[in-house]
Amino acid sequence: MIKALFNKNTALAAVTILALSGGAMAESAKTHKTDMAKKKVSELTCEDFNGLEESFKPTVVGWVVGFNKKGKEEDAVIDVDGIETVTPAIIEACKQEPKASFWKKAEAELKKVF
């Protein structure tokens, strides 16, 4: 298996590139995503996550799941069922507290599933 070679900042860059590669967006959405691109993953808020397109949120959660595994080679798999289970919980937790740390909310929900 491939060892995880990315750090949290690399993950953020990849997530941001994917988020910004979508079609035309409203100017405020562009500004929001541009601001998000300047943040480290640990600095993202639930509000940042809430601003993403719904269809992209599972991708972001997938990155979080991967990095939460702490780079262990034996854990370097994509758990689609787990991601599908935890994504709605993270979305709901972030709706409840938009100013909260996205990373901390995601970690709390991941502990319940993984």
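Keep in mind that glycine also has a Cβ here, set from the backbone N, Cα and C atoms.
Marked as signal peptide by Swiss-Prot on the basis of sequence analysis: 1-26.
The feature disulfide bond is assigned by Swiss-Prot to Cys46-Cys94. Taking all protein chains in view, 23 other C-beta atoms sit within 10 angstroms of the C-beta of Cys94 (disulfide bond).
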Tertiary neighbours of Cys46 (disulfide bond) (same chain, Cβ under 8 Å, six or more apart):
Ala93, Cys94, Lys95, Glu97, Pro98, Lys99, Ala100, Ser101, Phe102, Lys105
